[in-house]
Structures are given as structure tokens and as C-alpha cells.
There are 2 protein chains.
Amino acid sequence: MIEGLKFREIDGERLIVAVVCDENKNVLMVAFMNEEALKKTLETGYMHYYSTSRKKLWKKGEESGNYQKLIKVYADCDKDCLLFIVKQHGNACHEGYYSCFHYKLENGKFVLTEEYYK
Amino acid sequence: MIEGLKFREIDGERLIVAVVCDENKNVLMVAFMNEEALKKTLETGYMHYYSTSRKKLWKKGEESGNYQKLIKVYADCDKDCLLFIVKQHGNACHEGYYSCFHYKLENGKFVLTEEYYK
């Protein structure tokens, strides 16, 4: 695998945080990868993640058609987080929004908004 | 605390992933927060995190002067990740770069670059 990457113990699995942005720098989603998910992503050029709830690898868009074509990969200084730039097909969020970040904190509560990525 | 937020078991602590962007949508860094770090951030308007290596709360910029003034907070659909928009004073990265994401994957290795946020 890639030398120097630091996976953490997250919900009982060895995972690394994956931040996913489009080409316009909108943060689309954050998910986790195990080594296999990262390998599949780099091999196929399409984003794969590890689901902590279903406890298995999944290819983004496999069911929804909203797959993500990998463009570039960056890592942070600690090599414990990856930043993926992707071409998003359709919406990133399973709730039908372009980005998963469609809640904004206002007066102590999260309210629905799409202002961040509009 | 804020209703509905999901903290995960990360390296033995109850933490939530914090993605931090500037006003131009550059991803500056990714860190973790425990409930106290989130509370301090919202109360003071300056970013606080939980260090998994030092096992304690820290205020970003406390030693370096490179503090981050909070502008807005978003959450994702699962409420298990927070996106903070901040005004970054100086550099976000302790290695002297504006963003922590100054490595790019090229031919299977991470090489130093500042192209992402330039």
C-alpha cells in the first residue's frame, strides 16, 4: 500500500478519513476507507468506501448511479487524512442533495440549507 | 449539547470529525473534537480540537498564533461530521504551509505540492 499512511481505530476497524470535494472545491461528503477501499479506489478510478454501519466495502454509486470519478488525491501533513477531488455524477448525498453538508447551525440547531455549495 | 450529533469511537475516545475550510473553500485541515472541544469552539468563536496523540483539548493557534475564527458551521446528513468555515490567521499547518493538504499522490507516492490551495 502507500507508504506512511496512518489508519486509525475507528468504531473497531482500521480506517482513514476521506474528505471528498468536487472540482469547484465544494466538500461533497466525508467517509471512511479501509485499506481495501483505498486500493479499489486507486485501481478502478472510482470512489470506494468502508461502511461502518454495514461493515463492508461499498462502491459509491453502485446502487444510486451517483458514482464519483477520481481526479486527484491529496494527503495532509500527518498522513492520517485523505482529500479526494472527484467528478460527481448526480448527487453525492443519498437524501437527494448535491452535497451531504446541507445542514447549517443556527441558534444551536441544525437547519436545512443548501447555501454552502450553491 | 447539540441534538442528534453522532460521536464515534476513535482511538478510544468519543469524537467527531471536523473538516475546516477557509472562506474560499480551501480545505485547511481535518481534526477531531470531543464534546468539550465543540462546546469551547461554539462558546468562544475560536476553533478548539481534541488531540488524540496528546490526549487533551487544544485551542488552535494557542502556541503558534495561527488561530482560526469561526464563521459558520455545517453538518452532514448523518450528523457524524462537521464542516467549519473559518478565517485562518497565518498558516493552518504546523509545518508552515497554508493548508495541511500539501501532499499529492503521484505514481503511488505522496509528493510535496501546494497546488491544491493556490
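Keep in mind that glycine also has a Cβ here, set from the backbone N, Cα and C atoms.
Positions annotated as Mg(2+) binding site by TrEMBL: A:D76, A:D78, A:D80. Secondary structure at A:D78 (Mg(2+) binding site), as computed by DSSP, is coil. Within its own chain, A:D78 (Mg(2+) binding site) has A:K6 as residues 6 or more apart in sequence whose C-beta sits under 8 angstroms from its own.
If you look up TrEMBL, you'll see A:C77, A:C93, A:C100 marked as Zn(2+) binding site. Secondary structure at A:C100 (Zn(2+) binding site), taken from DSSP and collapsed to helix, strand or coil, is coil. When other Cβ atoms within 10 Å of the Cβ of A:C100 (Zn(2+) binding site) are tallied across all protein chains shown, the result is 26.
Residues annotated as domain 'Phosphoribosyl-AMP cyclohydrolase' in TrEMBL: A:29-102. Averaged across the domain 'Phosphoribosyl-AMP cyclohydrolase' (A:29-102), pLDDT for the predicted model comes to 97.
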Inset, instruction - Specify the secondary structure state of A:C93 (Zn(2+) binding site) as given by DSSP, simplified to three classes. - result: coil
Inset, instruction - Provide, as an integer number of angstrom, the distance between the C-alpha atoms of A:C100 (Zn(2+) binding site) and A:D76 (Mg(2+) binding site). - result: 22
